[in-house]
């Protein structure tokens, strides 16, 4: 019997590559940049064109499926998760990178059935790295199987995070305070590449040991979440509870399992931090 979800995944990989080609072409030209929630939260015509291409292509092939897209939600569409097969799309994860031609830009596609992840795809299109994860079948990058790091000592770990798009003084204080806590453990270092999906995939590869971010949305992690878990990682919220990738918004700690018990949440500030 044919596997219908594998067919969906194969089609999603094809579309992700097409979207990546659109993005690479757009990088050669001038672009119109618009502001969403803050001066650091940007959107371009290419974001909208890529999402339209992805959604229209999928709807044509799978008209009974449901869809959630970052730019559609930003335009006012309501987001409801049902038991139906649901595609969660971020057409350009790393729009600010795209605007500045900083070479970490990703197409993220997640697919859920009965509100559970079946597969996820993250295409880092400038690097030409195709990350995939399928429930029960592992995670891969360009066909190479992924495994999170086995680091057990947080003082020897490398973490990734983001400042986020909010420039409110209180939010920045919390974010920077959290970085200070982590660095003073001490740890080897903190990195930031400007895209949640790629950050999560870096944990899946073992290149980074953990990733945390406040205010993350479902489209930021729906594609990469299953890539992390299939590579042996864990997704947690700041209370230490397992965080499903379909959560609409929250604070994420994405970590290799061997460091899971060395992380905790500061319940008063809502900041994920780590301790030895």
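Counting begins at 1 with the first residue displayed.
Heads up, the Cβ atoms here are built off N, Cα and C, so glycines get one too.
Some features that TrEMBL has for this protein:
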type	residues	note
BINDING	70, 92	Mg(2+) 1 binding site
BINDING	90, 93, 220	Mg(2+) 2 binding site
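DSSP assigns residue 220 (Mg(2+) 2 binding site) to a helical segment in the three-state reduction. Here the Cβ of residue 93 (Mg(2+) 2 binding site) has 30 other Cβ atoms within 10 Å, regardless of which shown protein chain they belong to. In this structure, 220 is the one among the binding-site residues 90, 220 with the smallest number of other Cβ atoms inside 10 Å of its Cβ. When Cβ atoms from all protein chains are considered, those within 10 Å of residue 92 (Mg(2+) 1 binding site) total 31, not counting its own. Across the structure, residue 92 (Mg(2+) 1 binding site) and residue 220 (Mg(2+) 2 binding site) place their CA atoms 10 angstrom apart.
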